[in-house]
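Okay, so here's the structure we're looking at.
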Amino acid sequence: MGRARRFQWPLLLLWAAAAGPGAGQEVQTENVTVAEGGVAEITCRLHQYDGSIVVIQNPARQTLFFNGTRALKDERFQLEEFSPRRVRIRLSDARLEDEGGYFCQLYTEDTHHQIATLTVLVAPENPVVEVREQAVEGGEVELSCLVPRSRPAATLRWYRDRKELKGVSSSQENGKVWSVASTVRFRVDRKDDGGIIICEAQNQALPSGHSKQTQYVLDVQYSPTARIHASQAVVREGDTLVLTCAVTGNPRPNQIRWNRGNESLPERAEAVGETLTLPGLVSADNGTYTCEASNKHGHARALYVLVVYDPGAVVEAQTSVPYAIVGGILALLVFLIICVLVGMVWCSVRQKGSYLTHEASGLDEQGEAREAFLNGSDGHKRKEEFFI
(Lines of atoms letter the chains of each structure in order from A and count residues from 1; the text may use other names and numbers.)
(Lines give C-alpha, C1' and ligand atoms only; values in the text may rest on other atoms or scores of the structure.)
Protein backbone atom coordinates (compact mmCIF):
# COMPACT_ATOMS: atom_id res chain seq x y z
CA MET A 1 0.00 0.00 0.00
CA GLY A 2 1.26 3.47 -0.87
CA ARG A 3 2.61 5.80 1.68
CA ALA A 4 -0.07 7.76 3.49
CA ARG A 5 0.08 10.87 5.60
CA ARG A 6 -0.42 11.08 9.27
CA PHE A 7 -3.49 12.93 10.46
CA GLN A 8 -4.36 14.19 13.92
CA TRP A 9 -7.55 15.95 14.90
CA PRO A 10 -8.25 18.04 18.02
CA LEU A 11 -7.82 15.46 20.70
CA LEU A 12 -9.87 14.57 23.74
CA LEU A 13 -7.71 14.69 26.84
CA LEU A 14 -8.27 11.97 29.36
CA TRP A 15 -7.10 12.41 32.90
CA ALA A 16 -6.52 10.01 35.77
CA ALA A 17 -5.26 10.79 39.24
CA ALA A 18 -3.64 8.20 41.45
CA ALA A 19 -5.11 8.02 44.95
CA GLY A 20 -3.69 6.73 48.23
CA PRO A 21 0.05 6.30 48.54
CA GLY A 22 1.73 7.92 45.54
CA ALA A 23 -1.15 10.39 45.24
CA GLY A 24 -0.56 13.32 42.92
CA GLN A 25 0.79 11.26 40.02
CA GLU A 26 -1.21 11.67 36.84
CA VAL A 27 -1.36 10.07 33.39
CA GLN A 28 -2.66 11.90 30.33
CA THR A 29 -3.27 10.35 26.92
CA GLU A 30 -4.30 11.65 23.52
CA ASN A 31 -6.57 10.02 20.94
CA VAL A 32 -4.94 9.63 17.52
CA THR A 33 -6.36 9.30 14.01
CA VAL A 34 -4.16 8.07 11.17
CA ALA A 35 -4.63 7.06 7.54
CA GLU A 36 -3.95 3.44 6.67
CA GLY A 37 -0.27 3.01 5.85
CA GLY A 38 0.63 6.19 7.69
CA VAL A 39 2.57 6.92 10.88
CA ALA A 40 0.94 7.40 14.30
CA GLU A 41 2.48 8.59 17.56
CA ILE A 42 0.94 7.44 20.84
CA THR A 43 1.92 9.59 23.81
CA CYS A 44 1.49 9.09 27.56
CA ARG A 45 2.16 12.29 29.50
CA LEU A 46 3.33 11.85 33.10
CA HIS A 47 2.81 14.39 35.87
CA GLN A 48 4.73 14.27 39.17
CA TYR A 49 6.26 10.98 38.11
CA ASP A 50 8.23 9.30 40.91
CA GLY A 51 9.87 6.49 38.95
CA SER A 52 7.03 3.98 39.20
CA ILE A 53 6.65 1.28 36.56
CA VAL A 54 5.04 2.37 33.26
CA VAL A 55 3.58 -0.22 30.89
CA ILE A 56 2.21 0.34 27.36
CA GLN A 57 -0.23 -2.27 25.99
CA ASN A 58 -1.96 -2.70 22.63
CA PRO A 59 -5.74 -3.19 22.17
CA ALA A 60 -5.28 -6.96 22.64
CA ARG A 61 -3.71 -6.18 26.06
CA GLN A 62 -0.32 -7.37 24.86
CA THR A 63 2.54 -5.46 26.45
CA LEU A 64 4.48 -3.41 23.94
CA PHE A 65 6.96 -1.74 26.31
CA PHE A 66 7.71 -2.34 29.97
CA ASN A 67 9.47 0.63 31.58
CA GLY A 68 11.11 1.48 28.28
CA THR A 69 12.02 -2.09 27.32
CA ARG A 70 10.49 -3.75 24.26
CA ALA A 71 8.23 -6.64 25.19
CA LEU A 72 6.52 -7.44 21.85
CA LYS A 73 8.50 -8.25 18.72
CA ASP A 74 6.72 -5.97 16.28
CA GLU A 75 9.27 -3.71 14.65
CA ARG A 76 6.56 -1.32 13.49
CA PHE A 77 6.37 -0.07 17.09
CA GLN A 78 9.36 1.99 18.17
CA LEU A 79 9.99 3.70 21.51
CA GLU A 80 10.72 7.31 20.62
CA GLU A 81 10.93 8.79 24.13
CA PHE A 82 10.90 7.63 27.75
CA SER A 83 11.35 10.44 30.27
CA PRO A 84 9.86 11.56 33.61
CA ARG A 85 7.46 13.72 31.62
CA ARG A 86 6.50 11.62 28.64
CA VAL A 87 6.45 8.15 27.10
CA ARG A 88 6.07 8.24 23.32
CA ILE A 89 5.90 5.34 20.88
CA ARG A 90 5.81 5.46 17.09
CA LEU A 91 3.71 3.15 14.92
CA SER A 92 4.60 2.97 11.22
CA ASP A 93 2.57 1.40 8.41
CA ALA A 94 -0.66 1.60 10.40
CA ARG A 95 -3.21 -1.10 9.64
CA LEU A 96 -6.89 -1.57 10.38
CA GLU A 97 -6.07 -4.32 12.88
CA ASP A 98 -3.98 -1.82 14.86
CA GLU A 99 -7.10 0.19 15.64
CA GLY A 100 -8.36 0.31 19.21
CA GLY A 101 -7.42 1.48 22.70
CA TYR A 102 -3.76 1.61 23.78
CA PHE A 103 -3.28 1.41 27.55
CA CYS A 104 -0.89 3.65 29.45
CA GLN A 105 -0.57 2.03 32.88
CA LEU A 106 1.19 3.52 35.88
CA TYR A 107 1.94 1.03 38.65
CA THR A 108 2.13 2.46 42.14
CA GLU A 109 0.55 0.81 45.18
CA ASP A 110 -2.62 1.15 43.12
CA THR A 111 -2.71 0.61 39.36
CA HIS A 112 -3.89 3.54 37.27
CA HIS A 113 -4.29 3.68 33.51
CA GLN A 114 -5.61 5.78 30.68
CA ILE A 115 -6.52 4.73 27.14
CA ALA A 116 -5.35 6.40 23.92
CA THR A 117 -7.77 5.43 21.14
CA LEU A 118 -6.21 4.88 17.72
CA THR A 119 -8.55 5.28 14.73
CA VAL A 120 -7.40 4.09 11.31
CA LEU A 121 -9.01 5.62 8.21
CA VAL A 122 -8.84 4.16 4.70
CA ALA A 123 -8.37 6.52 1.78
CA PRO A 124 -10.11 5.57 -1.48
CA GLU A 125 -8.03 4.32 -4.37
CA ASN A 126 -8.58 5.64 -7.91
CA PRO A 127 -12.18 4.79 -8.85
CA VAL A 128 -12.92 2.12 -11.44
CA VAL A 129 -15.15 3.44 -14.25
CA GLU A 130 -16.95 1.09 -16.63
CA VAL A 131 -19.59 1.45 -19.34
CA ARG A 132 -22.64 -0.76 -19.30
CA GLU A 133 -23.00 -1.07 -23.08
CA GLN A 134 -21.59 0.47 -26.24
CA ALA A 135 -22.72 4.07 -26.75
CA VAL A 136 -24.33 4.96 -30.11
CA GLU A 137 -25.24 8.45 -31.36
CA GLY A 138 -28.78 9.44 -30.46
CA GLY A 139 -28.90 6.96 -27.58
CA GLU A 140 -28.00 6.99 -23.90
CA VAL A 141 -24.85 5.82 -22.17
CA GLU A 142 -24.68 4.52 -18.60
CA LEU A 143 -21.41 4.66 -16.66
CA SER A 144 -20.65 3.11 -13.29
CA CYS A 145 -17.97 4.21 -10.82
CA LEU A 146 -16.75 1.89 -8.06
CA VAL A 147 -14.55 2.44 -5.01
CA PRO A 148 -14.29 -1.01 -3.40
CA ARG A 149 -12.61 0.08 -0.17
CA SER A 150 -12.78 3.23 1.93
CA ARG A 151 -13.36 4.34 5.50
CA PRO A 152 -15.45 6.30 6.08
CA ALA A 153 -17.54 5.67 2.97
CA ALA A 154 -16.20 7.78 0.11
CA THR A 155 -18.32 10.43 -1.60
CA LEU A 156 -18.46 9.99 -5.39
CA ARG A 157 -19.09 12.80 -7.87
CA TRP A 158 -19.31 12.93 -11.68
CA TYR A 159 -18.02 15.78 -13.87
CA ARG A 160 -18.36 16.57 -17.56
CA ASP A 161 -16.85 19.70 -19.09
CA ARG A 162 -16.22 21.00 -15.55
CA LYS A 163 -19.91 20.66 -14.73
CA GLU A 164 -21.17 18.21 -12.14
CA LEU A 165 -23.50 15.44 -13.29
CA LYS A 166 -26.15 14.00 -11.02
CA GLY A 167 -25.43 10.36 -10.22
CA VAL A 168 -27.10 7.70 -8.10
CA SER A 169 -24.88 6.32 -5.32
CA SER A 170 -25.06 3.25 -3.11
CA SER A 171 -22.76 1.84 -0.41
CA GLN A 172 -22.19 -1.46 1.36
CA GLU A 173 -20.27 -2.15 4.56
CA ASN A 174 -17.69 -4.93 4.42
CA GLY A 175 -16.23 -5.37 7.87
CA LYS A 176 -14.50 -2.13 8.82
CA VAL A 177 -14.51 -0.69 5.28
CA TRP A 178 -17.14 0.46 2.80
CA SER A 179 -17.69 -0.31 -0.86
CA VAL A 180 -19.27 2.63 -2.71
CA ALA A 181 -20.70 2.73 -6.24
CA SER A 182 -22.34 5.42 -8.36
CA THR A 183 -24.03 5.37 -11.78
CA VAL A 184 -24.79 8.19 -14.21
CA ARG A 185 -26.84 8.16 -17.41
CA PHE A 186 -27.07 10.76 -20.20
CA ARG A 187 -27.77 11.11 -23.94
CA VAL A 188 -24.88 11.27 -26.41
CA ASP A 189 -24.28 12.39 -29.99
CA ARG A 190 -21.36 12.03 -32.38
CA LYS A 191 -19.80 15.24 -31.12
CA ASP A 192 -19.46 13.58 -27.69
CA ASP A 193 -17.06 10.95 -29.04
CA GLY A 194 -13.72 11.39 -27.29
CA GLY A 195 -15.22 13.50 -24.50
CA ILE A 196 -13.88 13.18 -20.95
CA ILE A 197 -16.04 12.06 -18.02
CA ILE A 198 -14.49 12.23 -14.53
CA CYS A 199 -15.43 10.23 -11.45
CA GLU A 200 -14.05 11.75 -8.24
CA ALA A 201 -13.80 10.12 -4.80
CA GLN A 202 -13.23 11.94 -1.49
CA ASN A 203 -13.24 11.15 2.22
CA GLN A 204 -11.58 12.33 5.44
CA ALA A 205 -8.56 10.06 4.99
CA LEU A 206 -7.33 12.28 2.16
CA PRO A 207 -5.66 15.63 2.79
CA SER A 208 -7.96 18.63 2.63
CA GLY A 209 -8.69 19.64 -0.95
CA HIS A 210 -7.39 16.36 -2.39
CA SER A 211 -9.32 13.64 -4.17
CA LYS A 212 -8.88 10.51 -6.25
CA GLN A 213 -10.02 10.80 -9.87
CA THR A 214 -10.44 8.56 -12.87
CA GLN A 215 -11.02 9.90 -16.38
CA TYR A 216 -13.15 7.95 -18.83
CA VAL A 217 -12.95 8.71 -22.55
CA LEU A 218 -16.35 8.39 -24.23
CA ASP A 219 -16.51 6.02 -27.18
CA VAL A 220 -19.61 6.99 -29.18
CA GLN A 221 -20.23 5.11 -32.41
CA TYR A 222 -21.89 6.90 -35.35
CA SER A 223 -22.55 6.60 -39.09
CA PRO A 224 -19.85 7.77 -41.53
CA THR A 225 -19.54 10.99 -43.51
CA ALA A 226 -17.52 11.51 -46.71
CA ARG A 227 -16.14 14.49 -48.61
CA ILE A 228 -13.86 14.65 -51.68
CA HIS A 229 -10.90 17.05 -51.82
CA ALA A 230 -9.13 17.72 -55.14
CA SER A 231 -5.41 18.41 -55.43
CA GLN A 232 -6.14 21.42 -57.68
CA ALA A 233 -9.15 23.54 -58.56
CA VAL A 234 -8.68 23.76 -62.35
CA VAL A 235 -7.41 20.80 -64.36
CA ARG A 236 -6.29 20.77 -67.97
CA GLU A 237 -5.43 18.07 -70.43
CA GLY A 238 -2.22 16.32 -69.43
CA ASP A 239 -2.49 17.22 -65.72
CA THR A 240 -2.46 14.70 -62.90
CA LEU A 241 -5.37 15.00 -60.47
CA VAL A 242 -5.44 13.42 -57.03
CA LEU A 243 -8.81 13.06 -55.31
CA THR A 244 -8.88 12.35 -51.58
CA CYS A 245 -11.96 10.98 -49.85
CA ALA A 246 -12.01 12.36 -46.30
CA VAL A 247 -14.04 9.91 -44.24
CA THR A 248 -15.19 10.05 -40.63
CA GLY A 249 -17.11 7.45 -38.68
CA ASN A 250 -16.96 5.24 -35.61
CA PRO A 251 -16.06 2.53 -36.20
CA ARG A 252 -14.01 4.01 -39.01
CA PRO A 253 -14.88 2.51 -42.41
CA ASN A 254 -12.08 0.18 -43.44
CA GLN A 255 -12.92 0.16 -47.16
CA ILE A 256 -13.54 3.01 -49.62
CA ARG A 257 -15.00 2.42 -53.09
CA TRP A 258 -14.39 4.74 -56.06
CA ASN A 259 -16.75 4.95 -59.07
CA ARG A 260 -17.48 7.17 -62.07
CA GLY A 261 -21.22 7.42 -62.59
CA ASN A 262 -22.43 4.53 -64.70
CA GLU A 263 -19.03 4.13 -66.34
CA SER A 264 -15.92 2.35 -65.23
CA LEU A 265 -12.90 4.28 -64.00
CA PRO A 266 -10.32 5.24 -66.64
CA GLU A 267 -7.72 2.55 -67.18
CA ARG A 268 -4.99 4.93 -66.02
CA ALA A 269 -6.79 5.62 -62.73
CA GLU A 270 -5.16 4.27 -59.58
CA ALA A 271 -7.43 3.87 -56.54
CA VAL A 272 -5.62 3.17 -53.26
CA GLY A 273 -7.71 3.51 -50.14
CA GLU A 274 -8.78 7.11 -49.65
CA THR A 275 -7.01 8.46 -52.78
CA LEU A 276 -7.79 8.25 -56.48
CA THR A 277 -5.02 9.34 -58.85
CA LEU A 278 -5.89 10.32 -62.44
CA PRO A 279 -2.69 10.91 -64.49
CA GLY A 280 -2.52 12.37 -68.00
CA LEU A 281 -6.04 13.75 -68.03
CA VAL A 282 -8.01 13.96 -71.27
CA SER A 283 -11.51 15.21 -72.01
CA ALA A 284 -12.77 11.62 -72.05
CA ASP A 285 -12.09 11.51 -68.30
CA ASN A 286 -14.87 14.03 -67.66
CA GLY A 287 -17.65 12.79 -65.43
CA THR A 288 -18.97 12.51 -61.90
CA TYR A 289 -16.66 10.62 -59.58
CA THR A 290 -17.92 9.19 -56.29
CA CYS A 291 -16.39 7.71 -53.18
CA GLU A 292 -18.44 5.52 -50.85
CA ALA A 293 -17.83 4.33 -47.31
CA SER A 294 -19.95 2.44 -44.80
CA ASN A 295 -19.96 0.94 -41.33
CA LYS A 296 -22.57 -0.92 -39.31
CA HIS A 297 -24.39 2.33 -38.52
CA GLY A 298 -24.81 3.74 -42.03
CA HIS A 299 -23.49 4.63 -45.48
CA ALA A 300 -21.89 7.80 -46.90
CA ARG A 301 -21.29 8.99 -50.46
CA ALA A 302 -19.47 12.04 -51.86
CA LEU A 303 -19.49 13.43 -55.44
CA TYR A 304 -16.93 15.29 -57.54
CA VAL A 305 -17.65 16.61 -61.05
CA LEU A 306 -14.51 16.52 -63.19
CA VAL A 307 -14.21 18.96 -66.09
CA VAL A 308 -10.96 18.80 -68.07
CA TYR A 309 -10.16 22.05 -69.94
CA ASP A 310 -8.00 22.64 -72.99
CA PRO A 311 -4.43 23.69 -72.21
CA GLY A 312 -5.01 27.25 -73.44
CA ALA A 313 -8.49 27.79 -71.99
CA VAL A 314 -8.95 30.70 -69.58
CA VAL A 315 -11.15 29.64 -66.68
CA GLU A 316 -11.72 30.68 -63.11
CA ALA A 317 -11.10 28.36 -60.24
CA GLN A 318 -14.15 26.81 -58.71
CA THR A 319 -15.18 28.24 -55.41
CA SER A 320 -16.21 26.27 -52.44
CA VAL A 321 -19.67 27.90 -52.49
CA PRO A 322 -22.09 26.03 -54.82
CA TYR A 323 -23.33 28.09 -57.78
CA ALA A 324 -26.90 27.05 -57.09
CA ILE A 325 -26.77 28.77 -53.72
CA VAL A 326 -25.25 31.95 -55.15
CA GLY A 327 -27.80 31.99 -57.98
CA GLY A 328 -30.66 31.53 -55.57
CA ILE A 329 -29.48 34.41 -53.41
CA LEU A 330 -29.11 36.73 -56.43
CA ALA A 331 -32.55 35.77 -57.75
CA LEU A 332 -34.09 36.56 -54.39
CA LEU A 333 -32.39 39.97 -54.27
CA VAL A 334 -33.58 40.84 -57.80
CA PHE A 335 -37.12 39.81 -56.93
CA LEU A 336 -37.12 42.00 -53.82
CA ILE A 337 -35.78 44.99 -55.77
CA ILE A 338 -38.47 44.57 -58.46
CA CYS A 339 -41.18 44.38 -55.79
CA VAL A 340 -39.91 47.59 -54.19
CA LEU A 341 -39.79 49.42 -57.54
CA VAL A 342 -43.30 48.29 -58.51
CA GLY A 343 -44.62 49.46 -55.15
CA MET A 344 -42.94 52.85 -55.50
CA VAL A 345 -44.31 53.36 -59.04
CA TRP A 346 -47.84 52.38 -58.00
CA CYS A 347 -47.81 54.78 -55.06
CA SER A 348 -46.44 57.57 -57.25
CA VAL A 349 -49.08 57.06 -59.97
CA ARG A 350 -51.91 56.95 -57.48
CA GLN A 351 -50.75 60.09 -55.74
CA LYS A 352 -50.39 61.96 -59.08
CA GLY A 353 -53.83 60.87 -60.32
CA SER A 354 -55.46 62.09 -57.16
CA TYR A 355 -53.72 65.45 -57.53
CA LEU A 356 -54.89 65.87 -61.17
CA THR A 357 -58.48 65.00 -60.25
CA HIS A 358 -58.60 67.63 -57.54
CA GLU A 359 -56.95 70.17 -59.81
CA ALA A 360 -59.49 69.58 -62.62
CA SER A 361 -62.38 69.83 -60.20
CA GLY A 362 -61.08 73.12 -58.94
CA LEU A 363 -60.80 74.53 -62.47
CA ASP A 364 -64.39 73.53 -63.31
CA GLU A 365 -65.74 75.29 -60.26
CA GLN A 366 -63.75 78.43 -61.02
CA GLY A 367 -64.91 78.40 -64.67
CA GLU A 368 -68.55 78.12 -63.69
CA ALA A 369 -68.18 80.91 -61.22
CA ARG A 370 -66.51 83.14 -63.81
CA GLU A 371 -69.18 82.37 -66.38
CA ALA A 372 -71.89 83.09 -63.87
CA PHE A 373 -70.25 86.38 -63.03
CA LEU A 374 -69.95 87.43 -66.65
CA ASN A 375 -73.47 86.36 -67.57
CA GLY A 376 -75.04 87.24 -64.33
CA SER A 377 -77.90 89.35 -65.75
CA ASP A 378 -78.97 86.84 -68.36
CA GLY A 379 -79.00 84.13 -65.89
CA HIS A 380 -81.19 86.16 -63.66
CA LYS A 381 -83.62 86.67 -66.43
CA ARG A 382 -83.65 83.02 -67.31
CA LYS A 383 -84.36 82.21 -63.73
CA GLU A 384 -87.17 84.69 -63.69
CA GLU A 385 -88.62 83.24 -66.85
CA PHE A 386 -88.35 79.79 -65.40
CA PHE A 387 -90.23 80.69 -62.33
CA ILE A 388 -92.94 82.59 -64.30
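The backbone N, Cα and C atoms fix where each Cβ goes, and this holds for glycine too.
Lifted from Swiss-Prot, the feature list:
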SIGNAL    1-20  signal peptide
DOMAIN    21-119  domain 'Ig-like V-type'
TOPO_DOM  21-324  topological domain 'Extracellular'
CARBOHYD  Asn31  N-linked glycosylation site
DISULFID  Cys44-Cys104  disulfide bond
CARBOHYD  Asn67  N-linked glycosylation site
DISULFID  Cys145-Cys199  disulfide bond
DOMAIN    224-307  domain 'Ig-like C2-type 2'
DISULFID  Cys245-Cys291  disulfide bond
CARBOHYD  Asn286  N-linked glycosylation site
TRANSMEM  325-345  transmembrane segment
TOPO_DOM  346-388  topological domain 'Cytoplasmic'
MOD_RES   Ser361  phosphoserine
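Positions of Swiss-Prot features highlighted on the structure.
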{"residue": "Cys44", "record": "disulfide bond", "Cβ contacts under 8 Å, 6 or more apart": "Val27, Gln28, Thr29, Val54, Ile56, Arg86, Val87, Arg88, Cys104, Gln114, Ala116"}
{"residue": "Asn67", "record": "N-linked glycosylation site", "Cβ contacts under 8 Å, 6 or more apart": "Ile53, Val54, Val55, Phe82"}
{"residue": "Cys145", "record": "disulfide bond", "Cβ contacts under 8 Å, 6 or more apart": "Pro127, Val128, Val129, Leu156, Trp158, Gly167, Ala181, Ser182, Thr183, Val184, Cys199, Ala201, Thr214"}
{"residue": "Cys245", "record": "disulfide bond", "Cβ contacts under 8 Å, 6 or more apart": "Ala226, Arg227, Ile228, Ile256, Trp258, Glu274, Thr275, Leu276, Cys291, Ala293, Ala302"}
{"residue": "Asn286", "record": "N-linked glycosylation site", "Cβ contacts under 8 Å, 6 or more apart": "Leu306, Val307, Val308"}
Summary of DSSP states over the domain 'Ig-like C2-type 2' (224-307), given as helix, strand and coil counts: 3 helix, 50 strand, 31 coil
Helix, strand and coil totals (DSSP H, G, I; E, B; other) for the domain 'Ig-like V-type' (21-119): 3 helix, 57 strand, 39 coil
Number of Cβ atoms other than its own within 10 Å, given for Asn31 (N-linked glycosylation site): 19
Conformational class of Cys145 (disulfide bond) under the three-state DSSP mapping: strand
Neighbour count (Cβ, 10 Å) for Cys291 (disulfide bond): 25
All-chain count of other Cβ atoms within 10 Å of Cys104 (disulfide bond): 25
All-chain count of other Cβ atoms within 10 Å of Cys199 (disulfide bond): 26
For Cys199 (disulfide bond): DSSP state (helix, strand, coil): strand
